[in-house]
Amino acid sequence: MSRATAVSRLARAARAAAAARRHHAGGRDPLRALASLAGDASASAGGGARRPAWFAPPMGRLGGGGLLVPPPPPQRRLFHPTQAARYSTSSSSQITPGEFTEMAWEGVVGAVDAARMSKQQVVEAEHLMKALLEQKDGLARRIFSKAGIDNTSVLQATDEFISRQPKVVGDTSGPIIGSSFVSILDNARKHKKEYADEFVSVEHILRAFTEDKRFGQQLFRDLKIGENELKEAISAVRGSQRVTDQNPEGKYQALEKYGIDMTELARRGKLDPVIGRDDEVRRCIQILCRRTKNNPVIIGEPGVGKTAIAEGLAQRIVRGDVPEPLQNRKLISLDMGALLAGAKFQGQFEERLKAVLKEITASNGQIILFIDEIHTIVGAGAAGGAMDAGNLLKPMLGRGELRCIGATTLDEYRKYIEKDAALERRFQQVYCGEPAVEDTISILRGLRERYELHHGVKISDGALVSAAVLSDRYITGRFLPDKAIDLVDEAAAKLKMEITSKPIELDEVDREIIRLEMEKLSLKNDTDKASKQRLSKLEADLESLKQKQKNLSEHWEYEKSLMTRIRSIKEETDRVNLEIEAAEREYDLNRAAELKYGTLLSLQKQLEEAENKLMEFQQSGKSMLREEVTDVDIAEIVSKWTGIPVSNLQQSEKEKLLLLEDVLHKRVIGQDIAVKSVANAIRRSRAGLSDPNRPIASLMFMGPTGVGKTELGKTLAEFLFNTENALIRIDMSEYMEKHAVSRLVGAPPGYIGYGEGGQLTEAVRRRPYSVVLFDEIEKAHQDVFNILLQLLDDGRITDSQGRTVSFTNCVIIMTSNIGSPLILDTLRNTSDSKEAVYEIMKKQVIDMARQSFRPEFLNRIDEYIVFQPLDTTEINRIVEIQLNRVKNRLRQQKIHLQYTPEAVEHLGSLGFDPNYGARPVKRVIQQMVENEIALSVLKGDFKEDDTVLVDVSSVAIAKGLAPQKKLVLQRLENANLELVAND
């Protein structure tokens, strides 16, 4: 080309820039003029005469000092999703969003932003590559990953190339399309036709980069990826699908995006071992091998191990321990959350799910789908008339084209799946029950190694047994083995935290050093002799403490390093075991033998040496850390969860049962026969001799008022379940009307209160281990006894919402005042001993009960216990108990209370009334002791640290009459006075 021609081109460029400026001034978009300018450049570069090497692409008008262009209007870009960009080529084609997929068009628009951020005016191929690589979850990144190329290295190479390109500083007229950008899009159109697609997609653009001599070819050479490798990666990602809409990228590798390969996790050893559940796994395999409706659904309570059954199946598939129809299959867990997330427009969710189902169908039965919480497919994606996931799955589930395993809880299965009969019949139920305590212990033993490896601690077998037993008894509302596993996990985490934290001994020394250092700074300013002596002594103490701190730190670091070393060896051993399993599966016996008899033996020897070193250090007495989880740790965690004292949890069950009478008699005075009957019923249950399908015991307490019937129920609740709150008290005087009976099990549908549950059923559902006390049962309406019949016989009640509430872990106590006059008259009119009279009196009282209660109700009660009236000796013991309670309350006011035996007898005589039992005693103490002490405290007669004596004095009334006793309160001068019966 001659110099005159070149000057002519420059003049035309200046005129185009001026036209763009005029368009800008008139409020019109300069896009077409700039695009035409780029088109001229590409035309001259492609089909015209050859440009000299010094000729730069026209970028604007020619100025005196260089190329000057007016700035573009704010917030304007070369490509806008709603605008078309025209460039002049031999085909005079046009860039429109309608010919690109959404992700490809985002890349085209993003290339302009990449150029602007790089301060470059010409948008070239490298900017397009950068935009495609920066797309989150973009198709370009997935294709490069599939080809084995690190996306970071591709982006880094692209950035380096961009940084070498010339930058434009100062005012510019906006970005311009470069020739390489144009050729990339042209070649992408050709590849679109090659694939018989309807839209230009990201993979077409990547194929076009292999023909770009300016940037793309060199990039792929540096990455060592050829065109064939790129085509294979694209085929692996998109499979056999065609681009028929503008969002095909979301459907590529749908299973990989929206599913988790459980067989791959099992192959890599990422799944926990599954202990037991062989029957359930075998049943699932049996259903999966059917011709049609080969879809098991695992139902059970939350935490019993439904997902673990699917994991166990995945592990068996990897091991080859399955029938031929399931050999070498993949078990994919569908992530419904990922499937729904980001589906903004109607139809997107259905497209994703159809893509997943299409991949499963294309696998010809090689893929088994697992949907955890399968009830979520009912209604999922159904909005504005769209079909939900359940309806999309139904045809394939029925024909056997899709083998699907579901898992859900009983309540959600009933609430969602059973309502859709067409969906329910396509699934076959596999019930997963709660394992027994013995099975839970086996499961924990199987999981122990995994938790030891994760936390870097040891877990004793006693801790596992304790976790299963204590969780089964005290943690209600959850199910085994989940709650037992959580106990072990939390106890191990607590111990690990203690190991990594500073030991208490070292922490105390550190704090003491800080305190002495501060005291030393304070003493340095004093010049008196005592301060100097104190300073010298303090410096000596500091020196000693710092030496101790150094020794303790060294011991701690050494012990911690040994534990870390043991943990790393165990992790390496676990990795080697996985490699051995993989080698044996692939029949690489040389590799397996090398690992098993070489590497593994070496690791075991290293582990033994490290453990011996740790044991020697611990036996030397220098150890500051604990590495084993024991049953005490488990009991502490249970105590934190439930509030039950640790000492009660650790006390053996046998010891507690043997001492049952003594414990009950601490609060229940007298009533030896009643206490013994209750203790025998509880021991019978705990020994496993009672019916497991009935309550622990159902007892009826009959006797006069105030003799300890309700108190025995409270004491029994505290003994059995370590808290008095475990007593559920139902006052039957509130259920005298017929309409009030429904409050026990909940209001029926249509009535106010439906859905809130019943007072009895909800209380037992929340606290299954409890004592249920029906107080004054004879006052209840007759319909109440109809409810109690099934409770006493079957140990269960169905509430108003159809939920079955179990009473098999409850003690049922009913109190009644029937026969009270008979009991009092019998004892008052006989001189025989209580034991001799008891059986006759009991028979007479039961005969009276038969007149009030129906035979079918009385026949279901385990034992009738008749309480006897209290005598003076027992009343005096109750007085002592009540005075000790007053004493404890006064202790909070820092006032000490003591009393004499005479005072106890006097109060007992005043409060004794066989007709009213022990209740008058409380009133007498309240009037004669508590009122007087309160008055004296307010007057100032009794102050803090005073000792108050409750005594009796004799008062003469008149000559010839015996003096009367009077209760007196006096402040003791000598607080050390020895008195009897004060504790």
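Each residue, glycine too, has its Cβ placed from N, Cα and C.
Taken verbatim from Swiss-Prot:
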TRANSIT   1-87  transit peptide
DOMAIN    97-240  domain 'Clp R'
REGION    100-165  region 'Repeat 1'
REGION    177-240  region 'Repeat 2'
REGION    255-503  region 'I'
BINDING   300-307, 703-710  ATP binding site
REGION    629-820  region 'II'
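Structural mapping of features recorded in Swiss-Prot.
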residue	record	CB count, 10 Å
GLY300	ATP binding site	21
PRO302	ATP binding site	13
VAL304	ATP binding site	21
LYS306	ATP binding site	24
GLY703	ATP binding site	26
THR705	ATP binding site	16
VAL707	ATP binding site	27
LYS709	ATP binding site	27
Coarse DSSP state, helix versus strand versus coil, of VAL304 (ATP binding site): coil
Per-region confidence, the domain 'Clp R' (97-240) (mean pLDDT, whole number): 83
Where VAL707 (ATP binding site) falls in three-state DSSP terms: coil
Structural state census, the region 'Repeat 2' (177-240) (DSSP three-state): 43 helix, 2 strand, 19 coil
Helix, strand and coil totals (DSSP H, G, I; E, B; other) for the region 'Repeat 1' (100-165): 46 helix, 3 strand, 17 coil
